[in-house]
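Residues or ranges marked as domain 'Aromatic amino acid beta-eliminating lyase/threonine aldolase' in TrEMBL: 11-295. Marked as N6-(pyridoxal phosphate)lysine by TrEMBL: K208.
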Amino acid sequence: MTSGNTERFVDLRSDTVTRPTALMWEAMQTASLGDDTLEGDPTVRALEHLAAVMTGKEAAMFVVSGTMGNLIASLCHATRGGEAVIDAQAHMAKSEAGGMSRLAHLYPVLIPSVRGEMDLDQLAGALRPGFSRYGQPTAMVSVESTHNHSGGYVPSLAYLADVHALASRAGVPVHMDGARVFNAAAALSVDVAKVAAHCESLTFCLSKGLSAPMGAMLAGSHAMIEQARTFRRMTGGGLRQAGIMAAAGKVALETMVTRLVDDNQRAQRLWAGLAKIDPQLVDAVPSNSNIVRLRVAEQREPNPKAWEVALAEHGILARASGTGMLRLVTHRHIGDDDIDETIAVIASIRDAFKPARDTPITRRADD
């Protein structure tokens, strides 16, 4: 869409496109700074304390990305290798460049899942409390909330409790990839600590719906986080005056959490509007978080790349995501009018496409 000479898009590619708020910019300009790899940066320490309190963990550590946080957690839980029992569709398994296996030397044991919840019987059968003649012990179990590649589904608290109980009985720690865990907590109408109670460690991103410009947090026990600081250094994540970024992250946790329910609700409205056009356009059940999958495999044009291009021509930015799908992600820059416009544009594009051509299907990893 255009307004005068200024072109504006409804950007639904990811919530990573969010920009810092005015309060974040102010905090970044006035932050107290130190050398975080020497005596410590006071603003980083304040952010880490706040993150630990909010998640109900003993300690937390600032990292540059959620992928780095997940890798460091894997290194902490797998000091001598072993197996990681993990959802076959997990972001850690599919979209983190194999760091869990290549760097942490963890062999991934992949468990099928439905809407972000692994089959518990298969999970229980995969747990190895110690070495055997034929396999390594399980070093960790990993869960994900919200679940990216399933379409943003939010695992239930009962499911997380069951996974944690199974793992605990086997003496195995649980790590949670909680990149959007605050969206999950909003969907479940609980504090994030209620979600985090079912794992020994978790990561969450500051730069997605929380709108900070960069960074993520890794939270866990005091002992784990002390070990994690060594692994952060090892993986090139030691920072100096990191308080500039931490200041924005602290403002994000203080001011942006409660509004995530708006993003979730707008995504549900988007899902409902698309379902009215054609139930086959969306997942049968909404995710309850801020992600909606646009399913085009059964449409006259099944190639998501063609939809991506057509949407962009009408001012809507989306991302091809897997075979026959696009991903639409709501965030603070998306308003109610944007949702209405997106629904209308998708309806018009769907009707305008000619019958399917023999075009290749694209596959792309999501952040």
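Cβ atoms are placed via backbone N, Cα and C, with glycine included.
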Sequence-distant neighbours of the residue listed as 'N6-(pyridoxal phosphate)lysine' in its chain (C-beta under 8 A, six or more apart): S14, D15, T16, T18, A179, R180, H331
Whole-number mean of pLDDT values that fall within the domain 'Aromatic amino acid beta-eliminating lyase/threonine aldolase' (11-295): 96
